[in-house]
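Summarising the annotation, Swiss-Prot assigns domain 'ATP-grasp' to 145-351 and lists sequence analysis as the type of evidence. As annotated by Swiss-Prot, ATP binding site applies to 174-229, with the evidence given as sequence analysis. Residues annotated as Mg(2+) 1 binding site in Swiss-Prot, with sequence analysis given as evidence: Asp306, Glu318. According to Swiss-Prot, the feature Mg(2+) 2 binding site maps to Glu318, Asn320.
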Amino acid sequence: MTSERIRVAILFGGRSAEHDVSRASAANIFRSLDAGRYALTLIGITHDGRWVLADAVNDATSAALIVPADGPQIVLLPAGRGRALAIDGSAAAPRELAFDVIFPVLHGPNGEDGTVQGALELADVAYVGGRVLGSAAAMDKDVAKRLLRDAGLPIVPFVTMTAASPVSYDDAARAVGSSELFVKPANLGSSVGISKTRDAAEFEAACQLALRFDRKILIERCIAPVREIECAVLEHADGQIKASELGEIVPANSHGFYSYEAKYTDANGAALHVPAQVEPAVAQRIRKMATEVFGALCCESLARVDFFVRGDEIYVNEVNTLPGFTNISMYPKMWEAAGLPQPALMDELVAHALARHARLRELASQR
């Protein structure tokens, strides 16, 4: 690794319905990484999956980074320890690049689910975030909930279905013990494709919507009214795992729940409270449970754990291993409330990536 600035490549965009959220998250991370400490390269992933050099079309003033439609394509070399080629399609020889750390700012399938993490493992380069197993386990809400249930952690009752194995409204309602249901894609975040249903007609429409985004969908009991409480978890370079201050999301009555529109298109879609006003004993239980969830799903580096709280009842809702870093995102806000501003948070994430990669390289690969 260079003795000067640490070479960091920010990977953003991606083949996911959360492509635009990734672009906004990446813009904030780009601004938060100290240019005096890090040499930054921007790599956008197009909707069709091409990795494209994006430095020329972006700067630190962008609200959301741009993924260029064309430009030099980036090829990360297997076992290259961060070496890459920029290929511009001309007869000229490819330009050689090198990175110490990859920062994947990717949300949803083909980015947060272990696929990109697998490519980075094969490239033998340090990277921010969970590894393949933790990323994949947390991404699939069905698998995650089963692992959490087996670990003795409280979850909301649910069933799953696919287009090939449909479930009727009556059977789903009977299975989870409620006529009011949430239907959601199993492998997507940012509330994309989620619906609240109260009868068979709404349920059928909700299933069709969710199946547009995923081959497997989750059907959960609606336990409203609840408070939506979140906790950020961070693993430091030495392996210590810490939980942040808590945050609360209060969706506007006009939305009914924290939908995609409430998050990203309606400025008044929800009120965000950091720190959340929670009884100290309940807050302590939530923070402890967040670190237990982190361990049960084999998470590393960072995660945001979302809870439903009703009185003294606490349920794990879901886990995001690459949480949003937009200007409204809770993960950086909760750490800031805990005394860790975003630039320092970036330093912690990069330091963990480098330390983990060094530890992994010490493991024997031959007998």
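A Cβ is built for glycine as well, from the same backbone N, Cα and C atoms used for every other residue.
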| Just the number: how many Å between the Cα atoms of Glu318 (Mg(2+) 1 binding site) and Leu188 (ATP binding site)? | 11
| said: For a quick check of understanding: among the binding-site residues Leu188, Leu209, Ile223, which residue's Cβ has the most other Cβ atoms within 10 Å? | reply: Leu188
| For the domain 'ATP-grasp' (145-351), mean pLDDT (0 to 100) | 93
| note | By a 10 Å Cβ neighbour count, the lowest-scoring of the binding-site residues Ser195, Asn320 is Ser195
| request: Could you tally the C-beta atoms, other than its own, that fall within 10 angstroms of the C-beta of Leu181 (ATP binding site)? | output: 24
| query | In angstrom units, rounded to an integer, how far apart are the Cα atoms of Asp306 (Mg(2+) 1 binding site) and Leu188 (ATP binding site)? | reply | 15
| Whose Cβ, among the binding-site residues Glu202, Asp306, has more other Cβ atoms within 10 Å than any of the rest? | Asp306
| task | Report, in whole Å, the straight Cα-to-Cα distance of Leu188 (ATP binding site) from Asn320 (Mg(2+) 2 binding site). | result | 10
| What's the most sparsely packed of the binding-site residues Arg174, Lys216, counting other C-beta atoms within 10 A? | Arg174
| query | According to DSSP, which kind of secondary structure is Ile223 (ATP binding site) found in, if we only use helix, strand and coil? | reply | coil
| note | All chains considered, the count of other Cβ atoms within 10 Å of the Cβ of Glu318 (Mg(2+) 1 binding site) is 19
